[in-house]
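Visitor: One structure, as structure tokens, below. Some questions next.
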Amino acid sequence: MKPVLVLAILAVLFLRLADSVPRPLDVVVSEIRSAHFRVEENQCWFHMGMLYFKGRMSGNFTEKHFVNVGIVSQSYMDRLQVSGEQYHHDERGAYFEWNIGGHPVTHTVDMVDITLSTRWGDPKKYAACVPQVRMDYSSQTINWYLQRSMRDDNWGLLFRTLLVYLFSLVVLVLLTVGVSARLRFI
């Protein structure tokens with residue numbers, strides 16, 4: 001009974017560890033160009049080699065405004081245009097929402113820029129987001145986390161990934177080999 005209880009407690013701890021990953025950093029640029037616009041939500045994260053963006057910006061918008069979400073890297077530059085269908089206007093005012101899921105990234109991403117411009121104006125940077133890695137320990141993702149942690153020299157991610165992988169191997173061996181619940185060391 002003790003090993004089952006210990007394994008259940010460890011499973012709960014690891015599940016809580018996966019859920020306790022900090023929320024993505026919200027880095028708002030200090031030089032806001034106008035007090036008429038406000039970034040209310042700004043998140044970006046990695047999951048299985050894909051980059052996800054989610055955010056909301058409100059203010060004094062017209063249909064001529066559009067928001068660009070761009071990936072900034074030392075070796076690569078990509079601008080994802082968010083316009084048209086994300087523009088909303090209701091009793092609270094006009095706002096933009098973006099929820100871009102699963103943009104494939106094969107390079108190092110340093111930052112995600114949020115820029116605002118009109119059809120004829122120059123884009124002005126309003127916010128930036130540093131992507132965080134969201135943890136999902138399944139058999140398909142372990143290899144991706146190991147590669148990413150070694151590439152980025154992220155020892156915490158490497159340690160957590162190896163710990164969860166070894167724990168899952170031990171549980172797999174205990175369940176498949178049929179070891180009795182009376183282990184001497186527990």
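Each residue, glycine too, has its Cβ placed from N, Cα and C.
Straight from Swiss-Prot, here's the annotation block:
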TOPO_DOM  1-160  topological domain 'Lumenal'
DOMAIN    35-133  domain 'Ig-like H-type'
DISULFID  Cys44-Cys129  disulfide bond
CARBOHYD  Asn60  N-linked glycosylation site
TRANSMEM  161-181  transmembrane segment
TOPO_DOM  182-186  topological domain 'Cytoplasmic'
Visitor: Within 10 angstroms of the C-beta of Cys44 (disulfide bond), what count of other C-beta atoms is obtained when all protein chains are considered?
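Guide: Looking across every protein chain shown, the total is 25.
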Visitor: Among all the protein chains here, how many other CB atoms are within 10 A of the CB of Cys129 (disulfide bond)?
Guide: 23
Visitor: Do you know offhand how many angstrom separate the residue listed as 'N-linked glycosylation site' and Cys44 (disulfide bond) by C-alpha?
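Guide: The Cα atom of the residue listed as 'N-linked glycosylation site' is 24 Å away from the Cα atom of Cys44 (disulfide bond).
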Visitor: Tell me, by DSSP, whether Cys129 (disulfide bond) is helix, strand or coil?
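Guide: The residue in question, Cys129 (disulfide bond), is strand (DSSP, three-state).
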Visitor: Under DSSP, is Asn60 (N-linked glycosylation site) part of a helix or a strand, or is it coil?
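Guide: Its secondary structure by DSSP: coil.
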Visitor: When a 10 Å sphere is centred on the Cβ of Asn60 (N-linked glycosylation site), how many other Cβ atoms does it contain?
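Guide: Other Cβ atoms within 10 Å of Asn60 (N-linked glycosylation site): 11.
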